[in-house]
Structures are given as C-alpha cells and as structure tokens.
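Per TrEMBL, repeat 'TPR' is recorded for 48-81, 82-115. Taken from TrEMBL, the feature domain 'Serine/threonine specific protein phosphatases' covers 245-521. Sequence annotations record features per position, and here TrEMBL assigns active site, proton donor/acceptor to His345.
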Amino acid sequence: METKNENSDVSSRAEEMKNQANEAFKGHKFSNAIDLYTKAIELNGNNAVYWANRAFAHTKLEEYGSAIQDASKAIEVDPKYSKGYYRRGAAYLAMGKFKDALKDFQQVKRICPNDPDAARKLKECEKAVMKMKFEEAISVPVSERRSVAESVDFHTIGNKPRSSSFLPTKTALAAVVAAVMVVAVRGFATTEILMVLVSVVLGTYWWGSFSEVEPQYSGARIEGEEVTLDFVKQMMEDFKNQKTLHKRYAYQIVLKTRQILQALPSLVDINVPNGKHFTVCGDVHGQFYDLLNIFELNGLPSEENPYLFNGDFVDRGSFSVEIILTLFAFKCMSPSSIYLARGNHESKSMNKIYGFEGEVRSKLSEKFVDLFAEVFCYLPLAHVINEKIFVVHGGLFSVDGVKLSDIRAIDRFCEPPEEGLMCELLWSDPQPLPGRGPSKRGVGLSFGGDVTKRFLEDNNLDLVVRSHEVKDEGYEVDHDGKLITVFSAPNYCDQMGNKGAYIRFEAPDMKPNIVTFSAVPHPDVKPMAYANNFMRMFN
C-alpha cells in the first residue's frame, strides 16, 4: 500500500513538473521548459509524453540532434504514440533529411489514418522528397558546373537601349562606314583593313548593346562602376520603405562582392591600429530593421568604424535579400570597412528550407538563387583580429592541435561538408562540461572549456568569439571568459523575446565591450514567409 502511494506521489510530482514546463513553453522560455521536462523525466522516464514534449522544446532551440534523440526515446517507451514519430519527423525535416522524415510521417498516418493534419504534412513531405529526387536526377556533376557569375553581364540588364536614336546594329553599320573612309584616306593594307573593321564593328556593337535602366525606375542608382555611400544610403532607405532594387544594380553588387571575396584567404587577418575600434556582430538572420538599428546605435560601416558580421545573414527572417544586398554593397563601397564570415546558413541546403531561396526567387529571380549560392562559397571561414581574437561562426574542433595555418589551408569553395574542419567551424557549439560531446544539433560537436583553452594556447590567442546560438541577453560568456557568443537578431523569429548584442573592441587592449539592444518594429511580414510549405507548417 505504501509503495503504491509513493508511486502515485512520484507520478503527481512528475505531472506537476510537466505542467510547469508546458507553461514555460507557452511563454517561449524553451531552455527553462527543457529543464522542467528533464525533472519530469527523472521522476518518471516511462512517460512518452515527457520525452516528446522535451523534443519539441529542443526543436524550438534548433537543437535537432537532441530532438531526434528524445523523440526516439518516446517511440521506444510507446511505439504507438504518434507524436513521437511526429516530433522526430519534424526534426529530420529541419535538418533536410527528407527521406527519414517521410518514414516517420508515414508511420503517423498509419497510427492516425483519419487525422487531416497528419495527412497534409505527409503529402508535403512526399512532395519535398519527389522534388529532391528530381533535382538529384538532373543535377550536373560539380566538375562540370559553369560559374553563374561568368554568364552574367550586368551592363545588359535593363529595358532601354543606351541610345534612343540608334539601335546597336545601326550604330555598328555607321561605324563600318567610318572605318572604310579611314582606310580609304590612309591606305592600309588588306589585313589591316580587316582588323580595323572587325575591331570597330565589334567594339561599337558591344557598347551599343549596353542597356540603360528604364526612366520610370525611381529607386537608388549606381552611377558608373563604383558603389558610393550615397547610393548605399538611398538603397537602405528604399528597402526600409519596402521598395526593391533594380536587378541591374543587384547583379552589379553581387558580382563585385564575388570578385572581392574570391581574392581572400579562408582565414582573414584584421589589424586594428592603436586608438581605433572594431565591432563584431553575430547572426542577423534576415532581420533588416534590426540591422538598421545596429547602424543607428553604432554608426554605418566605414574606414573609421569597421565591422565584422559573423555569418548567418539570411534565412528565418523575411528581409534576407535586403540584408545581404546591404552588407555586400558596403563591402563593394569599402572592403576594409566591413568583413563578412560564412555561417552554416550560407549554404544551399539551409537556404532551400529556411526561406532565403524562396525570397530571392520572389524578389529577384531564379538566376540569383544560383548566384548567391556561388558567392556564399567564397566567404571566408574565420578571422583573427590583432593576432589575439579568433572569430568564427560556430566553434572549435573534434581533434586537438588544429593550427591557424590548417584553417588557412581549407579549400572553402564548396558547399559545407558534413564533417571535418570546415563543418566544425560552421556548426559546433560550446558546452559547460570539459571534453567533447555529440552535437545537440546533429551536426558538428560540442566542446568544453579545456578544448578552448588548448586551442588558444596552441595558437597564441586570447579569446574565441563565435555566434550561431540565440542567447536571452544577446550574448553569453563561457569557458572562464575565454569564449563569447554574440547573437545580433533580437526577438529571434518574432517569438524568442531575446535581446541582440554586438561587441566593440578598442586597440590596443582589445577588451570586449558588449552592447545589447532590443528588437524594433518591422512591416507585417512574418518570419519564414518565403519558406517551403512543410516548414511553414511547423512554425
């Protein structure tokens, strides 16, 4: 009798923990919810609901590896519990593992054959798998792919010929007549005649084929070949008012940025002179109006006010095109005013799922989808400031002894692999315990303070600055002050309630001065508005 009462008491306390966790979840306190679900599981690990609920909270924090583990445990406890398969399928979807997700949603449909929601999600998942198979079937091998950038001449983008009175062909014919007259007067030899005619005709046709932007376009314009501060300011103002940039100028910005990035090493060294300062920002994730707020608080990028944006410029937020064109335009205007690092979301697989691909297709064109994918492969992987501060999007490595020279030697001109140094730079996360552990994301790894300490000592560095994780205060200091996470997208996805932050360093001491800020209003376009249907279903 006493044992029965004790079991009843334990179950009641477990339910109370679950109920508290549910309330924390409703308040978007997902880390707190995970802690409370964990207490419920410790009291009663044979309740599949607790495991599935904790999996859902992990999903909200983008900890998809942990979500899959918890959902799998829920299925183990109760193989007929449909939400276990549902939660695991959703986590697989978020990781782009469509075939694994399809199996789980098929099982949900078997358990709940009359559930319309399950049927709808299964159908969308089936469509995603079919699309993936089709894309795989028609894909061109990497070795045979042509550069998209090399097929684009932005000068020819526009509806109006350069001269309204002469078409290029007429201009070329006039040039032929002029060339013949020159030959008649000067008496060139036959070979010279042909050379003159061909050169003049082709050159004149090429110049005449340039297009001018149509006069009814009222947005920002680049005059000539140079991106100026006046242009960037006007473009940002247009974006703020939800106007679009002409495709000609978008091409010009992206192509010029590609040229600049291509010349950079995989690890870029930055020098901040004594008496000068430098600002590091974390993820901005398509939150353009919060980017404008950063510039309002800390000034526009310039030679005297340089920035490093540490990856994940796009996806999630629905103003990613505005973000990337603004950052790229500043890079074109003054390359040493702004530095850009690759994040895990600067990749095809992430952009296909989390909205950037759909947004680019909607606001620009299909060709821009491929062009951005190409240019993202040129972004550097890490930076070192004043030989003391190592800045990377994700984190450190699965092995000790990695030197800065190893990072410089990485061939980064590709989509991120699923393992190795490049993958770990983009995906890894710190953990409170020493040593290394499996990644809660399902990609990369978790590394402890001892790993950070050894990496800094091996490379004569003082500090690791990384991004990649939403933090309630916009930042977090870990590993005995040797590692700082900075995240610059406040109220992430319009639901997390977090602050944003950036770090300002001043030479020569280079001590981190962390500034936090809150989210600002933006037009009523929801996060993930351009994402695939199946992802919108889960957001």
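Using N, Cα and C of the backbone, Cβ positions are placed for all residues, glycine too.
Note on the domain 'Serine/threonine specific protein phosphatases' (245-521): its mean pLDDT in the predicted model is 98.
Break the repeat 'TPR' (82-115) down by DSSP state and the numbers are 27 helix, 0 strand, 7 coil. Counting residue by residue with DSSP, the repeat 'TPR' (48-81) contains 27 helix, 0 strand, 7 coil.
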